[in-house]
Amino acid sequence: MQFHERFDVIVVGGGHAGTEAALAAARMGCKTLLLTHNVDTLGQMSCNPAIGGIGKGHLVKEIDALGGAMAIATDFSGIQFRTLNSSKGPAVRATRAQADRALYKAKILNILQHQPNLRIFQQAVDDLVVENGRVIGAVTQMGLAFEAPAVVLTAGTFLGGKIHIGLENYSGGRAGDQPAIALAHRLRDLPLRVGRLKTGTPPRIDARTIDFSVMTEQKGDTPLPVMSFIGDLSQHPEQISCYITHTNEQTHDIIRGGLDRSPMYSGVIEGIGPRYCPSIEDKIHRFADKNSHQIFIEPEGLTTTEIYPNGISTSLPFDVQIQLVRSIRGMEQAEIVRPGYAIEYDYFDPRDLKNSLETKVIDGLFFAGQINGTTGYEEAGAQGLLAGLNAALQVQGKEAWAPRRDQAYLGVLVDDLSTLGTKEPYRMFTSRAEYRLLLREDNADLRLTEKGRELGLVDDFRWQKFSEKRESIELEQQRLRGQWVHVNSPQVAELNEVLSAPLTREASLEDLLRRPEIEYDTLMKVDGFGPGLADPLAAEQVQIQVKYAGYIQRQQDEIAKAERNENTRLPLDLDYSEVPGLSNEVTAKLNAHKPETIGQASRISGVTPAAVSILLVHLKKRGLLRKSA
């Protein structure tokens, strides 16, 4: 049966990738359909109730700078906010928020339901319609066919999902949800490389059975940060504490005693789990010399008694889970509300994707989220936004867009995936970026909002706030450069009290701010120098740009040097065995990866600078030298 309307973009799946994809396509004016197996689980936080963190917070800010929903929903649902690495430089500072699951999901649903051009329909998708190498629609489990020239697939852990608790297992997309078995079989018929990955979640504990008095209280930051560039402290709900406790030798003995019934250590699970979010079984095995591991006791919300014990993700049998939980200080009487489990699922090799997240073999078909081998809400949301905007661009007959590695962590993410692929769940860290000083949380809007406006992603309200902020920064920088202090100025005595060395020659306010011992706020308190900027985010931007100007310029020079051949296009149909001079190893790797640009080719392991030179000569001889936009 054919649905009576035709759409521009269909998004399959309503998790963090799917919601951002659907919102992006709709914001760009495309008639968009979001297909979900259950409207009540749109935007659901399936694992930990938190958004942000090192590397991840940077992605959230970038989603926000491009008009996405994740940061806004976090401000409305965050019950504890912290700035991680606050004592370190601005490049690695990151915002993290503990979120109320119910409030977060409710805000996402509210945003979806009020988005023009977006239709939501509840039905699981069983099939894709592909004709002549191009996707033209999707078919639901009741045989209802929807037509669209672009489809974004964001199936999360649902493709062939199998849940494991001890040696027992059953099919499931996550606890309480059916898997997408028919769709998984359909995708395996396509000429795409497929693998299996695994992730897991800890048991949920009833807070009424926990003794918090013997744990270490962890409060949020004061003053509170906000997640969105258009966020406001008044949006935050009540703020509460988290707590910290630890495993012990008894805990570890219990876990070791249960490993013979662990699906991971008995060969039942074949999928590879996340390296940077290991199960407690993995921790005990890999770090056998440690007699204790930290556990963060995180509330799941303001109106629930469920607690998320971050750090004891497990798929051990339920009886072992009870023992290990009750061996932990403060949880001796704990009751488990939901058992922990592991889930195995299909993912598709992201090397089969373009940087736009469109598949290289099926035109109009885009993948985003865990289907690409990533882990985390933030990584999924960022990919969803990129896939959604590129699906819209394709429908509109426009050229695809993806940020470069020097423009955004999103650029690092998609370049890593499409160039190198992954054999384990991929998590974003600041260490993955070469140009961290340029890719800070605080300047995500300055890096991306103008591009978002050009693409049609950024609404008038956000654009006005951004424009006002950008203008105020520029005007303040001009003022600091133009206002001078002479040695005999009346402010010098006051200044010398905070300077490490007395002022001996005239200096501009910018020169003074460049000194490591001077903060912007301190400078503005000197008589005649203020009042300065009222917006603390704009003031922070002025300070960072002045103090790090030399380092920033150095990184920009490095980028300009690297860009000479970075964006030189490589034909996707190029047979590298026909390029004379390449070694067999390089030929095999290039034919397997099919890089889109010289820059991507150069980052493939084993592709030498000499091989890159050979490629450039070959392209020049064939008249194929051209740059991407």
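Cβ from N, Cα, C; glycine included.
Lifted from Swiss-Prot, the feature list:
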type    : residues                                 : note
BINDING : Gly13, Gly14, Gly15, His16, Ala17, Gly18 : FAD binding site
BINDING : 273-287                                  : NAD(+) binding site
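Sequence features annotated in Swiss-Prot and their locations in the structure.
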residue: Gly13; record: FAD binding site; CB count, 10 Å: 33
residue: Gly14; record: FAD binding site; CB count, 10 Å: 28
residue: Gly15; record: FAD binding site; CB count, 10 Å: 30
residue: His16; record: FAD binding site; CB count, 10 Å: 34
residue: Ala17; record: FAD binding site; CB count, 10 Å: 34
residue: Gly18; record: FAD binding site; CB count, 10 Å: 30
residue: Gly273; record: NAD(+) binding site; CB count, 10 Å: 22
residue: Cys277; record: NAD(+) binding site; CB count, 10 Å: 19
residue: Glu281; record: NAD(+) binding site; CB count, 10 Å: 26
residue: Lys283; record: NAD(+) binding site; CB count, 10 Å: 18
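A distance of 33 Å separates the Cα atom of Phe287 (NAD(+) binding site) from that of Ala17 (FAD binding site). Excluding Gly13, Gly14, Gly15, His16, Ala17, Gly18, which define the FAD site, the same chain contributes Val11, Thr19, Glu20, Ala21, Thr36, Leu42, Gly43, Thr154, Gly156, Ala368, Gly369, Ala380, Gly384 within 8 Å (Cβ to the Cβ centroid), listed in sequence order. The binding-site residues listed here are Arg275, His285; among them, His285 has the most other Cβ atoms within 10 Å of its own Cβ. A gap of 23 Å separates the Cα atoms of Ser279 (NAD(+) binding site) and Gly15 (FAD binding site).
For the pair Gly13 (FAD binding site) and Gly273 (NAD(+) binding site), the C-alpha distance works out to 22 angstrom.
The number of other Cβ atoms within 10 Å of the Cβ belonging to Phe287 (NAD(+) binding site), over all protein chains shown, comes to 12.
All protein chains considered, the CB of Ser279 (NAD(+) binding site) has 26 other CB atoms within 10 Å.
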